[in-house]
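Beneath this line is the structure, given in structure tokens, with notes to follow.
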């Protein structure tokens, strides 16, 4: 069975499961509930791909400038809900490192730009309360790839999966989507290449170490663990 056939079989199984679970009536201590089931948008690669195809098709049709009537495609992903410490340089800092993050995501394709920032909104969203959240626990990462094919492959690889920390059983259900706001187009941002070139020789030594590790075991960091549908 080819990879495409395996994926098609999985999508069919997932759709069938959602249909079977939707509408089931639950009786909890005399109180009846009707269950609804849906697949989170960030876990549905096919739906997400259709959304960016429709977005750029609509943008193309609405353009009044004939020179700009050229089909565009996305190149940037946004990953949220990742623990900052997991992308930090070991025993150096608890903050996400550009060097480490670049090395990890470069396993998915050639990177043009990369930006990391704290994602305190994500912590508040997951906590569901108005409690003060410690800043910097989570981070969000924008990754702009050199071409559409690498972007598409990265989206397909990350969509609907969990991030598992190497050497432990800790897993995180992150959220991945495509950047429709044009983060790197709208902000004056220095390319990640320049940032990396300015690092000193000792950092370059660590980069070499991370690179060799990621080439051999990057799939351990992004294990092909499919997430199930969310039930509410």
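Glycine residues also receive a Cβ, built from the backbone N, Cα and C atoms like all the rest.
Note that the coordinates shown come from a computational prediction; the quantities given were computed from them, not determined experimentally.
What TrEMBL records for this protein:
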- 75-177: domain 'RRM' (DOMAIN)
- 195-232: region 'Disordered' (REGION)
Message = For the domain 'RRM' (75-177), what's the mean pLDDT in this predicted model?
response = 86
Inquiry  = DSSP-wise, what's the residue breakdown of the domain 'RRM' (75-177) into helix, strand and coil?
reply    = 34 helix, 32 strand, 37 coil
